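Everything below concerns the one structure shown next.
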Amino acid sequence: MDGLNVSIAFFFLVVGVCQMLRWLSKRLLSPGTNGCLAREFAGSFQLCMSCLELRMLMEIGPWGGGFGLDVVLTLLFLLSAVHGASFDGASANPTVSLQEFLLLESSLAATVAKLLAQGAGTGTGWAVTRLYWSWELTQLHFIQNLIAPECSSSIRASLPHAAFVEGSCSFLFHLVLLKVRQSHPLGRVPALAATVTFLTYTAGPFTGAIFNPALATATTFHCSGNSFWDYIQVYWLGPLAGMLAALLLFQGNIPRLFQKNLLYSQKSKYKVPKAKVTAQVEGDKSQRKRKMGKSNSEPRA
């Protein structure tokens, strides 16, 4: 369990360093685009390092560390909750940034800048984590260094099946995100953390359940077993298709591309209560009856 304790200390250190980066960016950078890019870099850096260490625990821990999958999934839920609470508005996920662009919440230039910051953050996180593993602080890290040069692909299914799995994970994640993104953090953060944990548990044996193109590029693309185009289809196109499907199902349209609602009928924003309409109709009828009674009661010449 000493290796697990070192990994937990590593998680605390990574979150602390990234929180310091966010604090410095707020003090030194403008609160606009520069601050946003710094948060995206810090969030991607934090997410990449945490996921690499957690993936190492998931692969080596059961036979090299003496702990089971339940420990890793508990850590995954807690880390996902910490990420959601500490990212300070950053997504650290290209499909989320593209979703914001399609929802007219971000411009093209800002979206491209976010994608570049996310790529830089995940690349830096991968390099720093590899350096940390090279110190071989625990037996788990020693084993990881031995097998790292010969890492195998995370795709353990046929290519169409794998792309469908990653797309389905992205679809469910974005559907939950669209539902809770305006909710209070006390409800939003646990909901997203539970969704990520569930998807990792169910889809992890097939593709690793990454559904984050930037994170997948840093953690999987260099491994042997599949071609670069295979990885593109599974870890880029699959999550992108899942995001588009979730947005179309939730919104009924994609605001950046077209305004017409394709799935749901447009209803009037202001509705008159049924009881009020009925009362108004009955009042009109009684008023007409009174007028007719008065006209009938008038004496004729």
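The backbone N, Cα and C atoms fix where each Cβ goes, glycine too.
Per TrEMBL, region 'Disordered' is recorded for 275-301. Under the heading transmembrane segment, TrEMBL lists 6-24, 63-85, 189-211, 231-250.
Same-chain residues lying 6 or more positions outside the transmembrane segment (6-24) and placing a CB less than 8 Å from one of its CB atoms are 38-39, 41-43, 45-46, 49-50, 53-54, 56-57, 75, 79, 82, 86, 88, 132, 137-138, 140. Nonlocal intrachain contacts for the transmembrane segment (189-211), taken as residues 6+ away from its ends with a CB within less than 8 angstroms of a stretch CB, comprise 55, 58, 73, 76-78, 80-81, 84-85, 95, 154-157, 161-162, 165-166, 168-170, 172-173, 176-177, 180, 183, 219-220, 234-235, 238-239, 242.
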